[in-house]
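Peer 1: Just passing along the structure, written as structure tokens.
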Amino acid sequence: MLRHLVLGESAFLQWRHCKSSKLLSCNFVSCPDHERELLRETRTVSTRQVCKVMLDHFDKQYGKELGPIWPSARAVLLNPSCWQYGIMLNRFACVTDLKQQLQGQGFRSLLPHTGPCTASCLIPPKPPWTYFLQTHQSFTETSQGYADISHPPNSLSDSLPKPVASSLPNHSPSLQCFIHPSPVRYPSPPHRLGQLKHYYLLNAASLLPVLALGVQDGDRVLDLCSAPGGKALAIIQTATPALLCCNEVDPQRCDWLSKTLESFIPQSLSSTITVSSLDGRSFGRRQPGCYDKVLVDAPCSNDRSWLFSRGGEQQSCRRLKERVQLPTLQAELLRSALGAVRPGGVVVYSTCTLSCSENQEVVEAVLNSCPGAELDNLVEELVLPLQEHFTFAPPCSHNASLSHTLSGNTHMHGILVVPQPGQTWGPMFLSRFKRIH
């Protein structure tokens with residue numbers, strides 16, 4: 001079983017081998033059981049009910065903040081049957097056969113191959129949002145004025161420049177994620193007693209904060225808001241840190257996090273990974289300068305799930321009240337992370353919402369109050385190499401002025417992945433800070 005930290009007590013992640021302990025795994029087998037689970041998951045996403053209160057709120061806010069990008073993003077968010085899923089392989093399990101089967105079914109690797117830089121690396125193409133602004137009106141408009149993707153056009157990547165021969169800095173070939181151009185439903189890994197799971201299903205955009213973090217072997221890493229654990233798993237796929245502290249303040253989510261880590265990580269790494277349940281806002285004070293890299297995947301108004309709230313109008317109204325208070329919490333968590341990282345260290349802030357108040361405005365507020373931090377530009381490092389797979393929103397001001405394109409003088413507070421037909425990844429916002437002193 002997995003032992004986690006409570007109230008700051010130091011302990012390492014441990015497994016107790018007993019008859020009741022269950023390490024989970026998956027061996028992919030094409031069989032009737034696989035097909036039945038596939039059908040069940042497809043039915044689940046297609047029967048969700050949209051919450052009108054939340055949709056009306058999103059229409060008002062995002063129509064103003066995102067302008068012409070919102071109608072097609074709205075259509076994707078309202079149609080779960082078109083959502084794509086990434087399959088992140090577990091490097092601690094034998095996945096050779098699974099990898100071959102995925103490739104045979106039309107899946108392809110999300111991450112470009114690493115290799116020496118060629119001359120073409122030195123001449124980056126135009127930013128992808130330049131082409132988006134020229135092509136977004138090609139979506140069919142309905143009578144309500146929103147994009148109709150019941151018969152979606154080809155992926156936006158068809159109208160984008162083909163990526164140059166580039167590689168992602170800090171990308172480890174051990175991090176493997178496969179995606180499919182269609183919304184193929186892949187089953188969740190089944191449980192296998194005494195074995196590790198072979199893969200983890202995720203929104204592929206959630207790997208971007210991990211790539212931006214750039215974890216190296218021997219780093220001391222803090223995942224400040226770690227549950228349910230997908231990004232922690234991605235971190236341990238990229239490198240072998242000296243320490244990975246996975247923190248989650250909510251007890252139920254912390255238990256979920258622990259079980260997720262148990263299911264994917266071997267006992268040999270038990271001295272490397274810790275799980276804590278502290279208030280994330282306390283790390284900057286409790287452990288100042290203790291970490292090389294800190295990830296703040298902050299609590300946010302998750303656009304995908306909030307659109308399908310089950311509590312009806314009452315729960316939606318309660319969530320909208322909570323939403324107003326989130327930026328304060330997010331800024332406090334980010335400031336705590338900057339206090340916990342050493343001078344010269346890196347902090348990545350991310351959310352899974354399109355909301356400017358939880359993204360750019362939080363980053364701006366923290367920059368104004370933390371003179372010892374500076375912002376990194378992620379365009380050349382992430383946007384250009386991955387523009388084939390993701391739709392990145394144009395750099396914009398808070399009033400959604402989308403007419404300008406990136407220039408050397410443009411100040412960006414982060415990058416935003418917006419779900420679009422054929423590229424349904426996101427929402428995902430991320431921004432990277434470097435502590436300079």
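Just so it is clear, glycine is given a Cβ too, placed from its N, Cα and C backbone atoms.
Computed from a predicted structure; not experimentally measured.
Per TrEMBL, the features are:
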- CYS352: active site, nucleophile (ACT_SITE)
- CYS225, SER226, ALA227, PRO228, GLY229, GLY230, LYS231, GLU248, ASP279, ASP297: S-adenosyl-L-methionine binding site (BINDING)
- 132-436: domain 'SAM-dependent MTase RsmB/NOP-type' (DOMAIN)
- 143-163: region 'Disordered' (REGION)
Peer 1: Can you tell me the CA-to-CA distance separating CYS352 (active site, nucleophile) and ASP279 (S-adenosyl-L-methionine binding site), as a whole number of Å?
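Peer 2: Cα to Cα, CYS352 (active site, nucleophile) and ASP279 (S-adenosyl-L-methionine binding site) are separated by 21 Å.
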Peer 1: At 10 angstroms around each C-beta, which of the binding-site residues CYS225, ALA227 has the fewest other C-beta atoms nearby?
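Peer 2: Comparing Cβ neighbour counts within 10 Å for the binding-site residues CYS225, ALA227 gives CYS225.
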Peer 1: When the number of other CB atoms within 10 A of each residue's CB is tallied over all shown chains, which of the recorded positions LYS231, ASP279, CYS352 has the maximum?
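Peer 2: Selected residue: LYS231.
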Peer 1: For the S-adenosyl-L-methionine site made of CYS225, SER226, ALA227, PRO228, GLY229, GLY230, LYS231, GLU248, ASP279, ASP297, how many Å separate the two farthest Cα atoms?
Peer 2: 20
